[in-house]
Amino acid sequence: MDKGLNEGLAVLLVTVVLTGDAMFQTPLGWLADRVGIRRVHLSCAVVFSLSLLALPLMLGSRIQLMAICLLLGAAAGALYTLSLVRAGKTFNGQKLIMINALFGFFWSAGSVAGPVVSGMLIGITGYDGLIVTLVASGVLFLLIQCLCKNEKTLLASEQEDDMDEATESAR
């Protein structure tokens, strides 16, 4: 493989990433309950991006490579899980059903398109292009989160919309 990894090590690293995802969901959820979900969510995006940037630097040590992959899996898994939790705290009723359906749609679309796009990126730019694209997605997530309204503002505007709709239907 391009970076000197054999197939067995590559499979092991994928397993370590998935283990990090599964193993850290409960501790990160607990932490989000204690210090705030948005803070943990943004921290996971930072860890995700930095872990990807550090990945090439860890290729010389199998232990360091496995540790960074475990951390990467924890952060990446929490991005999705905490997004669902934040949606559940922000929306209710029909809007929550719609948001949840959108999550499922985008998850499915990513599952289908992800390997195709990843394969094309690797073919065109090598493995570094894939890492750069993933880092860019983490940074884009951070930018969007920093530019968007927080959940309380979203919830207040949603409640205001619901009240406006109720007032209009009462007329």
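Positions of Cβ are set from backbone N, Cα and C atoms, glycine also.
According to TrEMBL, the protein has these features:
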DOMAIN    1-171  domain 'Major facilitator superfamily (MFS) profile'
TRANSMEM  12-32  transmembrane segment
TRANSMEM  39-59  transmembrane segment
TRANSMEM  65-85  transmembrane segment
TRANSMEM  97-124  transmembrane segment
TRANSMEM  130-148  transmembrane segment
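Contact between the transmembrane segment (39-59) and the transmembrane segment (97-124) is absent: fewer than three CB pairs lie under 8 Å, with pairs separated by 6 or more positions in sequence.
Long-range contacts of the transmembrane segment (130-148) within its own chain (CB-CB distance under 8 A, at least 6 residues past either end) are made by residues 38, 41-42, 45-46, 48-49, 52-53, 55-56, 79, 118, 121-122. Tertiary proximity for the transmembrane segment (12-32) is limited to same-chain residues at least six positions away from its ends with a CB under 8 Å from its CB atoms, namely 5, 39-41, 44, 65-66, 69-78, 81-82, 85. Regional average pLDDT for the domain 'Major facilitator superfamily (MFS) profile' (1-171) in the model is 87.
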